[in-house]
């Protein structure tokens, strides 16, 4: 008979609010169930997609007899780091040309944020980070556990289902000088609401005037508009003024490498000399955390980014994914219009990227799960990438019923 465990007093932890949606979905035997919780792209048939260019890159790596499985340096694959910085900042970026960027390979977006957060907690004079309200559910946990104090700034206006720009400016305007500010580079998660370029410029001016430190999270480059350059405009605006910033990048969404955990943290510094020292300190954060990053996913990304034909093939496939999501938005909007669902649903086609913040409340979300077997997070966020022409009528029926029966 097993003896009593020293961990017997542990409480059962709750499911993750996002990943827990899939756990519940998997337990549901219904043939009409739809999972709109997790941000992973699905084909029109509802299947996970591996990009053709990714399969080709993997095959090339497998067929290369000189390829080995040795440890990478603490900072990761050098080619991957250079190409990642170039992708987000632009090939002609002055920061890159002047060697002012320290880039390290990390474990996708989450790992990049955590390494950046721990670096700031150790080496930056201000320990407070302002994050948008709402934001991705993991952001506050990542930064709190990294040793930072988390505050929020207004971002989303439920009344307009758009940006609360005035509230954003007021909150950042009253933040202490030098505070860190988390910014979603594009396709804000969970709202799908982004500032215009004019608004970005006002945000930049305000932040630089108060010496607020930008920390960008770029999880969807190319996925919002279908253009890699267009989706990086906000970031490049901040780099162009010569100021410093942090940038967390992920290839989970735009290359479909969810399970490979491929990402990068770049810190744009004031000089090349500072960048060298920053990199040396990033190594001291990474080494006791996970020693060094995995080789396979980064090799796939580097193979694609350094070959012009493969890069072009990737941009075509990426635009195809972005365009399908835009089409899903239009189809859902049209379906609700046809049903004469109460309310204004134009925000569905105005918002961009993988997610739509529907405006549905938690009771309506629970009703749709119970009655229609539709799974989403309790805040009403749906992953447009999980929809198809086949499932849209079912979702529209569910939304119509929820809005009609529950206020």
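Glycine is treated like the rest: Cβ placed from N, Cα and C.
Worth saying up front: this structure is predicted, and the values here are computed from it rather than measured.
All protein chains included, residue 39 (L-aspartate binding site) registers 24 other Cβ atoms within 10 Å of its own Cβ. Feature annotation from Swiss-Prot assigns L-aspartate binding site to 39, 136, 189, 381; the stated evidence is similarity to another entry.
Summarising the annotation, Swiss-Prot assigns N6-(pyridoxal phosphate)lysine to 253 and lists similarity to another entry as the type of evidence. Residue environment of residue 253 (N6-(pyridoxal phosphate)lysine) contains 25 other Cβ atoms, counted within 10 Å of its Cβ in all protein chains.
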Would you mind pulling the DSSP three-state label for residue 381 (L-aspartate binding site)?
strand
Note the Cβ centroid of 39, 136, 189, 381, the recorded L-aspartate site, then list each other residue of that chain whose Cβ lies within 8 Å of it, in sequence.
18, 137, 190, 354, 355, 383
Listed binding-site residues among 39, 136, 189, 381 whose Cα sits within 10 Å of residue 253 (N6-(pyridoxal phosphate)lysine):
39
Packing count at residue 189 (L-aspartate binding site) (other Cβ atoms within 10 Å of its Cβ):
24
Counting across all protein chains shown, how many other Cβ atoms sit within 10 Å of the Cβ of residue 381 (L-aspartate binding site)?
26
Are there any residues in the same chain, six or more apart in sequence, whose C-beta is under 8 angstroms from the C-beta of residue 136 (L-aspartate binding site), and if so which?
189, 190, 217
